[in-house]
Every structure is written in structure tokens, then in C-alpha cells.
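What TrEMBL annotates here:
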- 41-289: domain 'G-protein coupled receptors family 1 profile' (DOMAIN)
- 26-48: transmembrane segment (TRANSMEM)
- 60-78: transmembrane segment (TRANSMEM)
- 98-118: transmembrane segment (TRANSMEM)
- 139-158: transmembrane segment (TRANSMEM)
- 199-225: transmembrane segment (TRANSMEM)
- 237-259: transmembrane segment (TRANSMEM)
- 271-291: transmembrane segment (TRANSMEM)
Amino acid sequence: MDYLNTSSEEGFILVGFSDWPHLEPILFAFISIFYSLTLFGNTVIIILSQLDLRLHTPMYYFLCHLSFLDLCYTASTVPQLLVNLSGLDRTISFGRCVAQLFIMLSLGGIECVLLVAMAIDRYAAVCRPLHYTTIMHPVLCRALVVFSWVGGLVNSLIQTSLVMTMPLCGHQLNHFFCELPILLKMACEDTGGTEVNLFVARVIILVCPLLLILGSYAHIARAVLNIRSMAGRRKAFGTCASHLIVVAMFYGSGIYTYLQPVHRYSDSEGKFVALFYTVITPMLNPLIYTLRNKDVKGALWKVLGRGTDSR
């Protein structure tokens, strides 16, 4: 068998969806549309968050960073996927593969921690409304974002370094990008120790933030149940519903991909799950957060010159 290590100049062939050639044109059309919507929706949120003073709040500060992450996330995989689906080029160099793995793990880790920051914001808004502006001070918001980036980058650096020390067999990568479980399955020798270290790193960046989010929402649920009026409960729940939906989509696909044993990981199923979190979720996030949001709608109409204050 061929041994491919970090000193090799050879690359990989990305199999992608070539096992289903009849599906490739359909996927190409839909993914092109979804990618365009992702670029448009997330760019609009970033621009509106900067232009409209009503959106200069902690919630939209974090949402702006989430939109930027989604733009980077899709840009690191979707253009290559579209080229792969068109059949023009299915190769990726070893260096690009390492860079892509690092970028994807970094962005995923950053989003894990950023979603905790957004949960803290919702906790302060619902459970400590009178002290909200004091708790969610701009200094704290900036610190949470910086911590998100540092945590995601460091965790990704550790995981990428561990993967790249393993000798890899073959040149066919049964995915449409350099996904961690697929690379682990290509290892030429026993990687039990490395897999344990990688699992610990993934638990730290996936499970620990999720527990903090669940803890925040346990306090929020208790506070909501103490509200006597149904209207008050609906309003409180409405401020958290969007974030809960995003958390469920992001962590659901992340746990399936990264926390199950490598030998149980299905290459075929993994490709479609990866489509969900690289294409569908980044497109849906702007819609989920803004569909029923009067502030964003008002800001959009104001920018377009069709309205003033919607409040």
C-alpha cells in the first residue's frame, strides 16, 4: 500500500458524489442556488448590523460574527464542491487538504463557542432583564468573541497536527472535502492513541459548550415558567426560539459526524450530513434569525428607502 505522510507532495482525489452520476447535475443546480442565497443573506445581515443603530446590540453583534463564520464556512468547501460536481477537477493537493481541514475545524470550533456567547446573551435578556446592559457590556461581548476565535483555532491546530502525524494509505478520499473521519479511516496503522486524543479534543469543543448552552436554557425555561401571562411567556420564548433552532441543527450534525466511532462512520451518509452543515445550515441561519424579526425588517426597508422606524 502507498504511504502518504506530511512530507509527501502527492494529493488526493475527492470522490464526492461520483458514485451517483445521475444526482450530480441536480446537486449542482440546487447547491448553486443555496450558495447564492447564503452569500446574499449573510452579507445583508452583516451590512445591516453595521448601518442601522437599532442593531448595535449584543444579539446582533454575535449574529454578525455568526454570519461571517457562515460565509467563510461555505467559501472553504462549496466552490470546490461545485467544481467537483461539474467533473472539471476532482483533485486536491496535500497542502490544500491540510489547510482545508484546519479551516473547517477552526470555523466549527469557533461557532461552538460563539453559540455559547449567544446563549449567555439570551439568558441575560430573559433572566436578568433589569441588569442586561450591565451584564452584556461591550467589553464582555468582545471578550467572548475573541475567546471563541482563540478556542476554535487552538483546538483545530491540535486536531490537525494529530491527524497529520499519521501515515495515510491511498489517494482516494471518499468525500467532497477533507473531512476528519474520512482521513482517520485512511490511516495505515493502528491509531488508537491518536483517536483517543482527538476524541478528547472534540468533546472539549463540542460537548462542553453544549452543556453550557443547555444549562443556560434550563435557567431560561425556569424563568419563563415563572411568568404569569401567556403573552409574556410567548415573548420570552420568541427571543430564544431562533437560537435554539440553530443550536439543534448545528450540534445535531456535529455530534453525528465527530463523536461517533470512526469504524461506524458511514461514508455515504456522512456526505449528505456534510451537505446539511456546509450548505443548508448557513443558508437557513439568516432566515431563522430574521424571518419574524421586526428590527431587521425595519433596518432593511430603511436601507432600501421604503420605510423609517418600524417600531
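Every residue, even glycine, has its Cβ placed from backbone N, Cα and C.
Bear in mind that TrEMBL entries carry predicted annotations, made automatically and left uncurated.
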Tertiary contacts of the transmembrane segment (237-259), as residues 6+ beyond its ends and Cβ separation under 8 Å = 66, 108, 111-112, 115, 118-119, 122, 125-126, 179-181, 199, 202-203, 206-207, 210, 213, 217, 220, 224, 265, 270, 273-274, 276-277, 281, 284-285, 288-289, 292-293
Which residues of the same chain, at least 6 past either end of the transmembrane segment (139-158), have a Cβ under 8 Å from a Cβ in it?
-> 58, 61-62, 65, 102-103, 105-114, 116-117, 120, 201, 204-205
In the same chain, residues at least 6 away from the ends of the transmembrane segment (199-225) whose Cβ sits under 8 Å of its Cβ atoms read 108-109, 112-113, 115-116, 119-120, 122-123, 126-127, 151-152, 155, 158-159, 162, 233, 236-237, 240, 244, 247, 251, 254-255, 258-259
